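The structure under discussion appears below in the form of structure tokens.
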């Protein structure tokens, strides 16, 4: 029962969608296990760019099953729009399966997300205002509405009415904001549920049956380890667990059925929104990396913050997600730089060096990155298909990344296309 988990090892936007799409060719089931439409992944097929937020990358393979697991929070409106977007581009969603246990994002979640973020003033955490956090809050508070509830008119009406009464009191009394209308939400979202009904099932059964039958299953995470609510740069994190351990909770598959964990990273680092970023660049080199790498958020369109590769972050990701393999993306973006740097440790103001990522943001603010400098390369490597074809300086960089992280590099990418992903070692064993 071979199964592979794909996780982002930085702050998201590492190219997980591209790697999932690439690995999907040898998988029979592809499942998303956490997050919501706050995450975006871009896939390039035959030169055409597709941007998805909820539906797994495997949807481009009609013979494979694509699963939205119970750990995902689903905005029905966004999902229906995404299905329509795919249809307009000749891609069918007939192979999609949605967990009946997944929780639903409703208009009051998005409104609350906005109001809470605005109330923080200059202490905003950089939420995408998609309602993700409030939906997970309701789930933990045991007042959430699941897909199974959305499909049952009586249950949906009862729970929506109860929840909206509470939320409207909060909007009016705490935020001096207008209440939401029950009827409008009820009619609109019940109809969304009916449109999605044909895709809804117990996806835990599908996934476990597939694994028990020896089928190859690929699990696709959203965001990245450094945005994990437990292991990330709290409170500048998402509301779920992108780490590999999140698979078992968010898909209904036991940990004994996970074979390999592929960590996806870029040859540099990027981040959207606020929060600590030790290797961030503010100079012309940072600007060049941002422009060459097209570092603008898939969901928000916001310019991403960029910086040098941070092996301290990567070793943290390796430890907390149990990485077995590494997929190194966007090496081509570094072409043209005279020198390239890798952060190998942090130095505190008292001169002490540390090689682990601190939990305390105050402690982290006291740290400066210690860099190892390597020669850069000027050649265009976007057409290279083997490690031997890329310049020696680029080869040395790739090898050094693997050494510092302590994980085998199974693939490296020199561009956004499928054909620009090069295999050093198959994680499927094929």
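Cβ coordinates come from backbone N, Cα and C, glycine included.
If you look up Swiss-Prot, you'll see 13 marked as active site, proton acceptor. When Cβ atoms from all protein chains are considered, those within 10 Å of residue 13 (active site, proton acceptor) total 27, not counting its own. DSSP assigns residue 13 (active site, proton acceptor) to coil, not to a helix or a strand.
What Swiss-Prot lists as active site, proton donor is 41, and the listing cites sequence analysis.
Under the heading GTP binding site, Swiss-Prot lists 12-18, 40-42, 304, 330-332, 413-415. Within the same chain, residues at least 6 positions away in sequence whose Cβ sits under 8 Å from that of residue 304 (substrate binding site) are 13, 270, 271, 272, 290, 295, 296, 297.
Its Cβ taken as reference, residue 38 (IMP binding site) is surrounded by 27 other Cβ atoms within 10 Å in the chains shown. Among the features that Swiss-Prot reports, IMP binding site is placed at 13, 14, 15, 16, 38, 39, 40, 41, 128, 142, 223, 238, 302, with the record citing sequence analysis.
Swiss-Prot lists 13, 40 with the feature Mg(2+) binding site, giving sequence analysis as the kind of evidence.
On its own chain, residue 302 (IMP binding site) has 272, 273, 296 as residues at least 6 apart in sequence with a Cβ closer than 8 Å to its own Cβ. Residues or ranges marked as substrate binding site by Swiss-Prot: 298, 299, 300, 301, 302, 303, 304.
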Q.
I'm trying to understand the geometry here, so how far is the Cα atom of residue 38 (IMP binding site) from the Cα atom of residue 331 (GTP binding site), in Å to the nearest whole number?
A. 26
Q) Which has the fewest other Cβ atoms within 10 Å: 12, 15, 303, the binding-site residues listed? A) 303
Q: Starting from each candidate's C-beta and looking 10 angstroms out, tell me which of the binding-site residues 40, 301 has the most other C-beta atoms.
A: 40
